[in-house]
Amino acid sequence: TAMRRFLGPLLCLLALRLPAGSGAAARGLDVTSYRERVRAMFYHAYEHYLESAFPYDELRPLTCDGQDTWGSFSLTLIDALDTLLILGNVSEFQRVVNVLQEGVDFDIDVNASVFETNIRVVGGLLSAHLLSRKAGVEVEAGWPCSGPLLRMAEEAARKLLPAFQTPTGMPYGTVNLLHGVNPGETPVTCTAGIGTFIVEFATLSHLTGDPVFENVARKALKALWKNRSDIGLVGNHIDVITAKWVAQDAGIGAGVDSYFEYLVKGAILLQDKELMSMFLEYNKAIKNYTKFDDWYLWVQMYKGTVSMPVFQSLEAYWPGLQSLIGDVDNAMRTFLNYYTVWKQFGGLPEFYNIPQGYTVDKREGYPLRPELIESAMYLYRATRDPTLLELGRDAVESIEKISKVDCGFATIKDLRDHRLDNRMESFFLAETIKYLYLLFDPDNFIHNDGSDFDVVVTPYGECVLNAGGYIFNTEAHPIDPAALHCCRKRREEQWEVEDLMREFYSWKKTKKFTFKRAPDHGEGENAKDSQDASSEKAGEKRNSKKSSHSLLSCPSQSFNSKLAVLGQVFLDNT
């Protein structure tokens, strides 16, 4: 099937371990030297943010001060937190965790972008929460199912929930963190602003046991799917009240991009066949109507006629996404097209007119975006093609030469004359630096192939964490997919744990028990929990289900088997 064809290469990609440095040696590029230069770039920007801009959201590098941009969250600090750990700085990670707990307040009268708050704040806090133990933070009992950063992420996400209270389930683009949706708020939201929640919100639901987050994210995704055109495309902006398309340009770039990204990443994270099927259907339409000579244009969503023959820098994530579904050859061809634009200007202009081969008026800037570097990182993991390292080298050289100033790195306002703008977006530390560093650090823990892992005991059984396969949200915050299987927090199961433990300690005095190794797999997630785990009937039922898991299913132990001590379960002989 198509699903099996795409998932096979994906699983190989996640565990790929080619000989370190093989591609680099072919071109003589000093990977270690560039990795250390990227590290120095991070600290030049980060330290000046702390010195000149904190607690504001962002650094203004030309005037050496700060400004609030997306809601007054000390955003750069949240966005940079997991990058600190990837660079190996556990002491600063620990310090920042304490600072955030003491200083960030979401109960404020601020109009915030629902999309940006989710990907940067909720995503950043969730990632940091799941990486806390690895960073040496003393985690509380019950982690990863509880913890201060998780509670902060949940609080921030709850502030966003009023935006989803629409007739269609598609959210407003802006919400007031204190009062909810303003009465006069526009109902027009971009497609990405509707379809970019499933990674963060499903993670929250699985960790906290509250299904509301995943439910609203899924409803929004399905509303977009329901309103696609007859030729299988979605537009750029839609009215969330009426479900009428306001901007009917279809493409893979700005306003749409992360919707497609989250269908793929949501499918991988949740092992969800439906989400992957939705993306594969979109992918067919995208190839049929928007792809020309390995470029992707903008077309009218109902007719398929070209509306804008431009390449947008935000589209450069697409080759990386193609690599995740195993379509590496097409990904490399498109990447090489985009790389020619980089080499022409020393960066990617926001818009590039493909027929004319030049920038578009008023879209000549490069705000240090990560997307092409992101794709290079994914593709290098898949191919070890040294061309991908050369893009990383060129990015380091360009950014340092053009963008570096005394107080950080400044947005490039115009790639033609290298004029700068007084802004350093938080994604520079969250994404651009992170992907560059990971490109040049093949042995980073993020690239783990499963040979190293941690076993954590929770009230719901043992779980394996930090084994690799991290899913990056669209702000490059890594989520450990294994963590979603650690916290079976449905209330009735929590009660059953307590009841069974009480029974065990009372029976221990009067009953005899034998020990048996826990089976590798039991019944599926949705099977009814049985209190009579030793009955022959229940055993037959479990055996009959062992071979019935779907392609995307992650088999899990039965509930009673999860009530384990040192990997063993107690069976009543009587």
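Quick reminder: no glycine exception, Cβ is built from N, Cα and C everywhere.
What TrEMBL says about a protein is an automatic prediction, not a curated fact.
Now, the feature entries from TrEMBL:
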- GLU116: active site, proton donor (ACT_SITE)
- ASP257: active site (ACT_SITE)
- GLU350: active site, proton donor (ACT_SITE)
- GLU371: active site (ACT_SITE)
- THR474: Ca(2+) binding site (BINDING)
- 518-542: compositional bias 'Basic and acidic residues' (COMPBIAS)
- 518-555: region 'Disordered' (REGION)
- 1-25: signal peptide (SIGNAL)
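Mapped onto this structure are the features recorded in TrEMBL.
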{"residue": "GLU116", "record": "active site, proton donor", "Cβ neighbours (10 Å)": "21"}
{"residue": "ASP257", "record": "active site", "Cβ neighbours (10 Å)": "25"}
{"residue": "GLU350", "record": "active site, proton donor", "Cβ neighbours (10 Å)": "21"}
{"residue": "GLU371", "record": "active site", "Cβ neighbours (10 Å)": "24"}
{"residue": "THR474", "record": "Ca(2+) binding site", "Cβ neighbours (10 Å)": "25"}
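On the backbone, the CA of ASP257 (active site) and the CA of the residue listed as 'Ca(2+) binding site' stand 10 Å apart.
When the Cα atoms are compared, GLU116 (active site, proton donor) and THR474 (Ca(2+) binding site) turn out to be 10 Å apart. A gap of 11 Å separates the Cα atoms of GLU371 (active site) and GLU350 (active site, proton donor). Separation of the C-alpha atoms of GLU350 (active site, proton donor) and the residue listed as 'Ca(2+) binding site': 18 Å, rounded to the nearest whole number.
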